[in-house]
Structures are given as structure tokens and as C-alpha cells.
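Here the structure comes first, spelled out in C-alpha cells, and everything after it is commentary.
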């Protein structure tokens with residue numbers, strides 16, 4: 001009976017990668033941790049979206065380069081169809097454009113495939129708990145890119161406390177409705193805050209807001225430990 005209760009509380013993970021050997025290795029890695037349970041696998045983007053809708057996993061561990069829909073398109077689709085599922089990108093690519101698109105699509109983590117097994121399982125548990133987790137190299141790339149485009153001026157002091165709270169939640173991938181529920185305000189109020197934030201910071205995309213929030217330390221972001 002205790003074993004059954006532990007299984008029911010396990011974090012349910014869907015593995016998405018077009019290479020069977022990678023999926024097999026990830027499944028073996030996650031099986032070693034009692035808090036994680038692989039509930040399904042997908043070999044391409046279209047299958048991933050279907051399985052996410054069917055299984056409603058807590059987490060999806062998704063590769064970028066896949067046939068059909070790529071991992072970033074999967075992230076965007078799942079955010080619309082299964083917003084309760086948190087998507088984590090697992091990739092060999094440490095490219096600013098991929099990182100930007102992943103964060104804009106609502107990914108809650110961007111990890112590189114050279115990550116040690118213990119750090120991977122730790123990152124997944126922290127993401128499930130509400131953190132945004134990036135590999136250290138990814139964090140450096142994202143912040144450097146933001147600094148290159150926006151300069152070194154710090155502008156968070158122009159935002160009210162409530163606006164900073166809304167910005168942090170936007171950067172964590174929450175929708176306007178989810179932010180409204182979290183803060184106990186109306187969706188229209190959140191929309192007004194979002195528009196004011198964009199105007200004050202002169203940033204027009206979620207990806208740009210996310211990079212800014214990371215650089216300013218407004219997000220409960222933690223690098224994966226080395």
C-alpha cells in the first residue's frame with residue numbers, strides 16, 4: 001500500500017525524442033528516481049501533442065530537432081492544448097534564437113544534453129515545483145544576448161511592485177488568466193499591467209520580457225548545478 005501511494009504522487013513525465021536510444025536512456029535515468037515516473041513516449045512532434053492531450057503529464061521532456069513538428073512548435077501547441085503540462089527542452093543546441101523561442105513558447109526549462117543524470121532529475125523536480133531552470137551555459141547565452149540588444153541600463157525600478165510581480169509570472173510562462181488567478185485580480189487588470197510593462201520597458205514580445213526578467217533577477221530562476 002505505501003508503494004502505491006508513492007507511485008500516485010510521482011511526477012508524471014512524457015519523453016519526446018525521435019531517437020529510440022535516447023528515449024531508452026532517459027527512461028532508465030528517470031526510473032532511478034522515486035519521484036519521477038515515465039508515463040509515455042513520443043517519436044515525433046505530432047505524436048507528442050497527441051500524447052500530451054491523452055496522458056496529461058506533469059512534465060514533457062522534449063528534443064528540438066524532430067520530424068513533423070519540432071520541439072519548439074510542440075511547446076507552443078502544448079501550451080494551448082494542455083497548459084497544465086510543463087514543457088522542458090532538452091537539446092544539444094545552445095543557440096540564442098532557440099532559447100528565445102523556447103521561452104516565448106512557455107518552456108519552463110532549457111537543458112543541454114550533456115547534463116549529468118543526477119542534475120537532470122533534480123532540474124525536473126524543481127521545474128515541477130514552479131522554478132524555471134536553465135543549464136548554466138544557456139543562462140549565460142540568454143543574458144548576454146539580452147545585454148547586447150538592450151544595453152546595460154537597469155529599468156526594473158521603473159516598474160511598480162505589482163508590475164514586477166506580473167512580469168515575473170509572464171516570464172514563468174503563465175497566461176493572463178493564470179496570472180489573474182494567482183494574484184486575485186481580473187484578467188483585464190493583468191492585461192493592463194502587461195501593456196504598461198511593455199510600454200515602460202519598450203519590449204514587445206514575451207521572449208524579450210523573459211530575457212529582461214532573467215537578467216534583472218525577477219524570476220525564481222536557478223541554473224542547473226554543476
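Cβ from N, Cα, C; glycine included.
The feature domain 'Response regulatory' is assigned by TrEMBL to 12-128. Confidence for the domain 'Response regulatory' (12-128), expressed as mean pLDDT, is 92.
Residues or ranges marked as domain 'HTH luxR-type' by TrEMBL: 152-217.
Under 8 Å, Cβ to Cβ, and six or more positions away along its own chain, residue 63 (4-aspartylphosphate) finds 16, 17, 18, 19, 22, 71, 89, 90, 91. Per TrEMBL, the feature 4-aspartylphosphate maps to 63.
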Residue 63 (4-aspartylphosphate), DSSP three-state class -> coil
For the domain 'HTH luxR-type' (152-217), how many residues does DSSP put in helix, in strand and in coil?
48 helix, 0 strand, 18 coil
